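First comes the structure, then the notes that go with it.
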Amino acid sequence: MSMANFTAGRNSCTFQEEFKQVLLPLVYSVVFLLGLPLNAVVIGQIWLARKALTRTTIYMLNLATADLLYVCSLPLLIYNYTQKDYWPFGDFTCKFVRFQFYTNLHGSILFLTCISVQRYMGICHPLASWHKKKGKKLTWLVCAAVWFIVIAQCLPTFVFASTGTQRNRTVCYDLSPPDRSASYFPYGITLTITGFLLPFAAILACYCSMARILCQKDELIGLAVHKKKDKAVRMIIIVVIVFSISFFPFHLTKTIYLIVRSSPTLPCPTLQAFAIAYKCTRPFASMNSVLDPILFYFTQRKFRESTRYLLDKMSSKWRHDHCITYGS
């Protein structure tokens, strides 16, 4: 039986969390089995075409790197939850795994924001030259700034996340130990605002402007925009899907959970209901590590063509070998 103790003010609650033993290992296993090869392929494809890097593919490379680093930590979490929250890997590893999760989460959000701004400039300001003058050099500097901001935002995870003891078993707390919930609250809310709400607002502003241009009559749109229309629409759809599945539900339930667990007078059933809602959305926040490579596939024509060529070649070889086997 998986149980968690929670203390808030005068309340001392014990949560029943058997669902984590099934849901979390299942989702994390899917993310690991799909995310590891998909992101490795994206990085490999970009590396092979490194002489023809564009600003978008540079952002995609950094996005795939963040995803790949995160999915490599998932076997530890899969083991943890299949063993009823038992964490045998030590306090530093606990902190580092939680740090990887939030670094990937907010890094993905910021790199998707950069990609959206890049696409916005191409659609709404196709003749502007200021963002093209330094080209790839400026893009690499932006990526370095994103990594710096994300690491700085997530470093307090090493302070708050830690191991603890529940029912004589070592566990790894995600946000903070229950007795530090009040001190974690300001940081958790600040991280949500700076790491999710502000980038999300920027993405919405870009997409609203892009939608206005894309919905204009054909004769009012330049030829350069015509060529980018389908690509932009695909990107908008996929980014909206990523936010709908991975980012928005997680941050909504996390914010509510932070508020209720800092309230000393709420009854235990209410605390448990919000804890379950938050912990059910947490594994789906990892799904962006699978969805991000799909974004790359549908927005990069050369990658689609090379992938189809590889699949056709493999299929032809299989049919050839199959015919030889039966022919003999």
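Each residue, glycine too, has its Cβ placed from N, Cα and C.
The feature topological domain 'Extracellular' is assigned by Swiss-Prot to 1-22 (among others).
Taken from Swiss-Prot, the feature N-linked glycosylation site applies to N5.
Per Swiss-Prot, transmembrane segment is recorded for 23-43 (among others), and the stated evidence type is sequence analysis. Beyond the transmembrane segment (23-43), the same-chain residues lying 6 or more positions past its ends with a Cβ under 8 Å from any Cβ of the stretch are 60-61, 64-65, 67-68, 70-72, 74-75, 77-78, 81-82, 279-280, 282-284, 286-287, 289-290, 292-294, 296, 303.
Annotated topological domain 'Cytoplasmic' per Swiss-Prot: 44-57 (among others), in sequence order, evidence recorded as sequence analysis. Residue counts for the topological domain 'Cytoplasmic' (44-57) under DSSP, helix first, then strand, then coil, are 11 helix, 0 strand, 3 coil.
Per Swiss-Prot, the feature transmembrane segment maps to 58-78 (among others); the stated evidence is sequence analysis.
Feature annotation from Swiss-Prot assigns topological domain 'Extracellular' to 79-96 (among others); the stated evidence is sequence analysis. Per-residue confidence over the topological domain 'Extracellular' (79-96) averages 93 (mean pLDDT, predicted model).
Sequence annotations record features per position, and here Swiss-Prot assigns disulfide bond to C94-C172. DSSP assigns C94 (disulfide bond) to a helical segment in the three-state reduction.
Same-chain neighbours of the transmembrane segment (97-117): 56, 59-60, 62-63, 66-67, 69-70, 73, 76-77, 142-143, 146-147, 149-151, 153-155, 157-158, 161, 172, 174, 191, 195-196, 199-200, 202-203, 206-207, 235, 239, 242, 246-247, 250, 285-286, 288-289, 292, 295, counting only residues six or more beyond its ends whose CB sits under 8 Å from a CB of the stretch. Taken from Swiss-Prot, the feature transmembrane segment covers 97-117 (among others), and the record attributes it to sequence analysis.
The topological domain 'Cytoplasmic' annotation in Swiss-Prot covers 118-139 (among others).
Tertiary neighbourhood of the transmembrane segment (140-160): same-chain residues 58-59, 62, 95-96, 98-99, 102-103, 106-107, 110-111, 114, 175-176, 180, 183-184, 187, 191, 194-195, selected by CB-CB distance under 8 Å and a gap of 6+ residues from either end. Sequence annotations record features per position, and here Swiss-Prot assigns transmembrane segment to 140-160 (among others).
According to Swiss-Prot, the feature topological domain 'Extracellular' maps to 161-189 (among others). Taking H, G and I as helix, E and B as strand and the rest as coil, DSSP gives the topological domain 'Extracellular' (161-189) the counts 12 helix, 8 strand, 9 coil.
Per Swiss-Prot, the feature transmembrane segment maps to 190-210 (among others); the stated evidence is sequence analysis. Among residues of the same chain six or more beyond the transmembrane segment (190-210), those with a C-beta under 8 A of the stretch's C-beta atoms are 102, 105-106, 109-110, 112-113, 116-117, 119-120, 123-124, 150, 153-154, 232, 236, 239, 243, 247-248, 251, 254-255.
Residues or ranges marked as topological domain 'Cytoplasmic' in Swiss-Prot (evidence: sequence analysis): 211-231 (among others).
Residues or ranges marked as transmembrane segment in Swiss-Prot: 232-252 (among others).
Annotated topological domain 'Extracellular' per Swiss-Prot: 253-275 (among others), in sequence order.
The feature transmembrane segment is assigned by Swiss-Prot to 276-298 (among others), with sequence analysis given as support.
Around C172 (disulfide bond), taking its Cβ as the centre, 23 other Cβ atoms fall within 10 Å, counting all chains.
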